Amino acid sequence: MMNNRNNNKDKNPVKRFNKISIGLASPESILKESRGEVLKPETINYRTHKPERDGLFCERIFGPVKDFECACGKYKRIRYKGIICDRCGVEVTEKKVRRDRVGHINLVVPIAHIWYFRSLPNKIGYILGLPSKKLDMIIYYERYVVIQAGIAKNADGESLQRLDFLTEEEYLNILDTLPQENQYLDDLDPNKFVAKMGAECIMDLLARIDLDALSYELRHSANNETSKQRKTEALKRLQVVESFRESNENRENRPEWMIMKVVPVIPPELRPLVPLDGGRFATSDLNDLYRRVIIRNNRLKRLMEIKAPEVILRNEKRMLQESVDSLFDNTRKASAVKTESNRPLKSLSDSLKGKQGRFRQNLLGKRVDYSARSVIVVGPELKLYECGLPKDMASELYKPFVIRKLIERGIVKTVKSAKKIIDKKEPVVWDILENVIKGHPVLLNRAPTLHRLGIQAFQPKLIEGKAIQLHPLVCTAFNADFDGDQMAVHLPLGPEAILEAQLLMLASHNILNPANGAPITVPSQDMVLGLYYMTKERISTEDHIILGQDLTFYSAEEVNIALNEGRLELNARVKIRAKDFNDAGELVYKIIQTTAGRVLFNEVVPEAAGYINDVLTKKNLRDIIGHILSVTDVPTTAAFLDNMKDMGYKFAFRGGLSFSLGDIRIPEQKTKLIADAREQVEGISTNYNMGLITNNERYNQVIDVWTSANAQLTELAMKNIREDQQGFNSVYMMLDSGARGSKEQIRQLTGMRGLMAKPKKSTAGGGEIIENPILSNFKEGLSILEYFISTHGARKGLADTALKTADAGYLTRRLHDVSQDVIVNIEDCGTLRGVEVAALKKNEEIVESLGERILGRVALQDVINPLTNEVMVQSGQQITEAIVKTIEASPIEKVEVRSPLTCEALKGICAKCYGRNLATGKMTQRGEAVGVIAAQSIGEPGTQLTLRTFHVGGVAGGISEESSIVTRFAGRLEIEDLKTVKGEDSEGNAVDIVVSRSTELKLVDEGTGIVLNTHNIPYGSSIFVKDGETVGKGTVICKWDPYNGVIVSEFTGKIAYEDLEQGQSFMVEIDEQTGFQEKVISEARNKKLIPTLLVYGKEGELIRSYNLPVGAHLMVENGEKIKAGKVLVKIPRRSSKAGDITGGLPRITELLEARNPSNPAVVSEIDGVVSFGKIKRGNREIVIESKFGEIKKYLVKLSSQILVQENDFVRAGVPLSDGAITPDDILRIQGPAAVQQYLVNEIQEVYRLQGVKINDKHFEVVIRQMMRKVKVEDPGDTLFLEDQLIHTKDFILQNDKLYGMKVVEDAGDSSVLKPGQIISPRELRDENSLLKRTDKNLVVARDVITATATPVLQGITRASLQTKSFISAASFQETTKVLNEAAVAGKVDDLEGLKENVIVGHRIPAGTGMREYDNTIVGSKDDYNEMMANKEEYIY
């Protein structure tokens, strides 16, 4: 039962509360709430349709069926309100009380509540220390249990123990042996033998438990237990016991209340019975379930009265227990109660659970009145903040406002006649409607609302017709198009709502996208095409003369005149005198070379933005809009956007761009390219047939050849189409402007479709790339086989899209749930921690520059330019665009900034750590719900992510393997940790071969000494440079075999095989096609064998041994003499399957749920030197010894490739075997900061591959929520339990509270203190000085030991289920489990998050709903001064 704190006795006591507590209901509390007992199972009389008296719908208990009318009809009308009828006993009141009056059923025997013995963890079982099976035997009346042994002995003459189980036979035998008078003793007499069965027995046992004593006992055994299992068992029980003890601090919460004597009956309106036509009834399942309980209860009552035999009673009691079980939770039972049609009945628990349950259906998803919906059409003449609203819709939506005006003007007298006038659509109505609409915006919403821009406010314009008109620029935000999309219109009613809609939600204020701060109202499709066409330059040629080329004009007006007179073409190159910025940043007149179209465009550009002299593509436009918004203000930008839209449409129409098949140009070189590629493939096959390469290598090389041929062809095609008609080829213009189409699509139209992936059969096989590509393109047309291969990709695409939407939606929901309570609560948390941000590089390419990553953040420390020593930004200052420019110009590579990850605010987060609000470009304000914005920003693009691998219509991506490092700058080389041996490459030239595994190469700028870039040089590569050498740009540093990993001999000597037995540890594979033999290491059946190559020196001494991984190909024979640098073994790299990388959504889910990957790498936890141990159970042991003699051992599966060799030096956090590193390992070894950076970068990587930009902040907010718990390692003297998960802030507060306290070890002669008590030093001093005076033994105390804990990373689902708020957790998942744990622990919900407040019907504590605004009075300055003056007078 829910309890409201501070019940004020005003009209509606529920409105004023700020906490909600939950607990077990005692029988007394149920009776107190109840209005009467339900005695009969009848519902309503089938003839009169009136409720039966004392039945489930009884009017006496639940209230009248008709307003102010008693059952017998003696009292009618409101004047008798509150009278109780003397004939039928019904109170005369309104009928809605039937929604909240509760009844009850008195049970003849106590019944166990199914939630507490059937859900895990089993609460009753844990408290009594009984396993679930045994508990069921008691509850369902199969065994007796000894509650008190008394003087009883069992058949063998031994004393009985508490909780011994007895069959009926044994029970009766024991009763026979006892003296007669034992039965008449009182139950509490220690000599009496008490044994019972059923829930009654459990109730007795629970009532006899002393929770405190049990808690001490379990704590003791948890601390001193040796066996792991018994210890975890004790800790689990302790958790339940502790939650009961904690709950008693707030209100009484007794374990025996888990057993019910009284069952509440919910109000009849919540389980309605509706008459259908034909005399049948539709009823809620609950009525059936209640009826069964009542029937069985009444039958049991009668059987007990007539003293029926025990067997019959027991059966009846068991049936009663089962019927109450199914009433509370029908789905938990094996034998659920079903209807005739075999559908399980919906019990009380089911009405809370799931999407259709109380929480998600009614409390979180309420319906609104005053809304309309219709199809949308484009409204190109609208302003950005306007929308077209059909007249009929507006008259209906604004009806109350219109009625009021009609009555005010005296046109009508009553509301009814006003409605008539409106329905007749008289002219005066439209007149009034025009007035009412002014300054009263509407909200437009398009489902699915994936982010906050899915609902925006517009000023309506009345239009004829039935469709809503939408401004084309806001389509991106709504993700709307005009192919039949519908939108809903809502009307904000109150003045506050109207104000918020106008100030915060108006479309012209939402120009920036909150996910990344880039403009979102960007022209698309035809607008872009028009703007691109008008600003593109075309030069005269002999066959196509451009009018007016190279003329010079005085002003834009002149250009306009020339254009209108037909003397100048739109695309002509001209000169013009116009204002632009000079180098000093001042606006001055200059002569600018430009085109006629650009002059026209610059007429609408605000002066502050200067002269824009570029071809306008979509990307350019986005930057221009962002720039204009930052140098001007919102109204100016909105006006510019509207003008730009008009211009775009106008010139798209003028240009009349369309394309025919002739515009799709196929390069002439295509046939030659394909022939060349075929020749190369032939060559590869020949190599394979001669046995020079393996099948795997052949496959990889073939795929490579086709991939590069395809890339070359695409380049040629693009070049062709780019140079066609000076780039005025319509297809190219559409592509280049960003209006429609992509490089991929052009490639498939003009080049070749390329490589395709095989269908994926089961999870195991398939998904590889088919090595014969599709050579045709869509213009030439595909052959039947090619078409067939294509269809698979196309269909998979469609199926994927459908599945993806649901997945993405679920991801969004989990994100919202985990981060909904992150609100900006304070200005500055004063933390000294932050994160170091550097530019993100991938393969030395800068993916995201330092500036992009720190823009809008707050600097943690002063950032000082190392060249000039000037302070570029002070600590605590926001890094603006201007500061970013200066930082990028300096040689700084890393900046420490504040971050949500390190924010130390106890509630929510602080504004400084969050930084700039991306939707406004200013610092975040307090009350901003940044958690929800983060969830929306990450979830919204989820639908654009691919489901599995990166394909375009099934075309395999995949880049040719890299096989060398080439310098991209000139500079000096610094090489660390380099070991090489002289060897020969495949052509027989002498080369240096690298044999060290952690070789790092730095390229340093000679002048400044700044490191330009760093590379890792792979093991086994041939290196062509020396340390300290100066190289130019484009120097080849090293080369390696991209298809095989190798093991290279470091010494000259003679080879010997060890444990290499044919058929045991290696197989001889004979290639069918070539007849060549290869020795391949296989997993030995005899696990003792360790396949190893030994190298012996001249003297026959062992120089080096090499362990061989499974799947390695031997390149040397036993006894062969070798030179240093000889390749001993080739390990084929796994073929680059398309399905190799978990991409897209599944990868993001994997990261956010903190799941461990399927084949995790084994990671070293310390720095040290590697040596190999034995093989244990199919695992190879790797031993790492640190400098300080610390030794760690790791087991690596034999099937996975080991990345280290004997005597290699490894650092902590380095993988020892192949596979992905698990986030848990990173957290354990490198700490929380590293794992946070890792998660942010990995998730960003997935989005980046799809071309989606999301600011790091959003991920940081979510990851902060995943790291809010710590796991207690050692509880010390706190009340925590070992391995308990605790909120970081609770942990810190608890430790701070204990800090400096003392623990009594020996109380001496003190009467006040007990051993184990925690006291302050002051209390200890006072007590001891008292004892000293009387010469008694002093109290001995020690310092408190505080708890220690380690941070844990939780997946988003677990993190949201473990929030402090049980209401929020219950509405997310596993509703019954959450509620039942909360009830046992007597939890109190402080209503701090957004979700809890929505559920209890309060305003959310964010934005204008922040709690402190409730106590703020708004007044004028004069009022304030007057009030202050009065206050001062009052003081003196």
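Cβ coordinates come from backbone N, Cα and C, glycine included.
Within 10 Å of the Cβ of Cys88 (Zn(2+) 1 binding site) there are 16 other Cβ atoms, across all protein chains. Among the features that Swiss-Prot reports, Zn(2+) 1 binding site is placed at Cys70, Cys72, Cys85, Cys88, with the record citing sequence analysis.
Residues near Asp481 (Mg(2+) binding site) in space but far in sequence (CB under 8 A, at least 6 apart, same chain), listed by position: Cys475. Annotation source Swiss-Prot lists Mg(2+) binding site at Asp481, Asp483, Asp485.
Residues or ranges marked as Zn(2+) 2 binding site in Swiss-Prot (evidence: sequence analysis): Cys829, Cys903, Cys910, Cys913. Applying an 8 A CB threshold to same-chain residues 6+ apart, the list for Cys910 (Zn(2+) 2 binding site) reads Val824, Asn825, Ile826, Glu827, Asp828, Cys829, Cys903. In the three-state DSSP assignment, the secondary structure recorded for Cys910 (Zn(2+) 2 binding site) is strand.
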Packing count at Cys903 (Zn(2+) 2 binding site) (other Cβ atoms within 10 Å of its Cβ): 25
For Cys913 (Zn(2+) 2 binding site), the number of other Cβ atoms found within 10 Å of its own Cβ: 30
Spatial neighbour of Cys85 (Zn(2+) 1 binding site) that is closest, considering only the binding-site residues Asp483, Asp485, Cys913 and their CA atoms: Asp485
Least Cβ-crowded entry, counting other Cβ within 10 Å, from the binding-site residues listed as Asp483, Asp485: Asp483
From binding-site residues Cys70, Cys72, Cys88, Cys913, the one whose Cα lies nearest Asp485 (Mg(2+) binding site): Cys913
Distance [Cα-Cα, Å, rounded] between Cys72 (Zn(2+) 1 binding site) and Cys913 (Zn(2+) 2 binding site): 69
Which of Cys72, Cys85, Cys829, all binding-site residues, has a Cβ with the fewest other Cβ atoms inside 10 Å: Cys72
Neighbourhood of Cys70 (Zn(2+) 1 binding site) by C-beta distance under 8 A, where only residues 6 or more apart in the same chain count: Glu59, Pro64, Lys76, Cys85, Arg87, Cys88, Val90, Glu91, Val92
Three-class DSSP secondary structure - Cys72 (Zn(2+) 1 binding site): coil
Residues close to Zn(2+) 2 site centre defined by Cys829, Cys903, Cys910, Cys913, Cβ within 8 Å: Ile826, Asp828, Thr831, Arg898, Pro900, Thr902, Glu904, Ala905, Ile909, Ala911, Lys912, Tyr914
